[in-house]
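What follows is a short report on a single structure.
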Protein chains: 2
Amino acid sequence: MKKAGHMDKALEEARRAGLRGEVPVGAVIVLDGAVLAVESNRTRELNDVTAHAEILAIRAACARIGDERLVGADLYVTLEPCTMCAAAISFARLRRVYFGAEDEKGGGVVNGVRFFSQPTCHHAPEVYPGLAADDATQLLRDFFAERR
Amino acid sequence: MKKAGHMDKALEEARRAGLRGEVPVGAVIVLDGAVLAVESNRTRELNDVTAHAEILAIRAACARIGDERLVGADLYVTLEPCTMCAAAISFARLRRVYFGAEDEKGGGVVNGVRFFSQPTCHHAPEVYPGLAADDATQLLRDFFAERR
């Protein structure tokens, strides 16, 4: 599947999160063309502030391959990862991060702490921002507009 | 129990992690004098880079009280939290963080990104470094010396 296809899957999963009342963020992890994990935000459902789409996807992908690291794998996520997720992405040794919407308020990749450029970051993935950014942004906007 | 008692419990749990072959870090979460969670690092056991002592303790404490947040609760951890854990601590709205050893290479509280002082950090706990720092440092040193 192409890059756009993986991000479409992440967007579809983000939409599902929105229908469950969760902030709509979705993530897909791909290794050698195979999808290892498709997850979305479940912080409310699980009463777990760490249950961001990226963290759930990293945990699911690691469980699937029985390894603590995801060397050579790529992450597709609809929103710029936060500081927590950026650090987890680094720890998991992901190869590439494709993300959709930027998050000025809470992002930690191209905003905020820019973790991958810090001396305390010991593995930095390649970062590709803005993949399907319009769709991802619209999804978040619609979600928050409906809840106001 | 006094502060030193909670940190002793965290150190004891850190020692247990070391015996399991995990980097020896332990964490305790306390709310209104009651211990909600006692956890230690299980990244190897669980094949999960997010399974730091603090993350496991936050998740366990939230599960215990059935809430996504730990307002008013305090965390005792033997090592300075990393960037990932610092962000999770902020999300969980912990009141205070007492930690033992500083972590120049990987810390995110008084080293590295100093997350709690960043504009993208929307809740900062009070931070008390250096509680039982010598014991925590010695534990880590012994662990890494043995493995060399």
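The backbone N, Cα and C atoms fix where each Cβ goes, and this holds for glycine too.
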According to TrEMBL, A:C82, A:C85 bind Zn(2+); so which of A:H52, A:H122 is the extra one listed there?
A:H52
Would you identify the secondary structure of A:H52 (Zn(2+) binding site) according to DSSP, in three states?
coil
Among all the protein chains here, how many other CB atoms are within 10 A of the CB of A:C82 (Zn(2+) binding site)?
29
What whole-number Å value do you get for the CA-CA distance of A:C85 (Zn(2+) binding site) and A:E54 (active site, proton donor)?
6
In sequence order, which residues at least six apart in the same chain have a CB under 8 Å from the CB of A:H52 (Zn(2+) binding site)?
A:V25, A:N41, A:T43, A:P81, A:C82, A:M84, A:C85
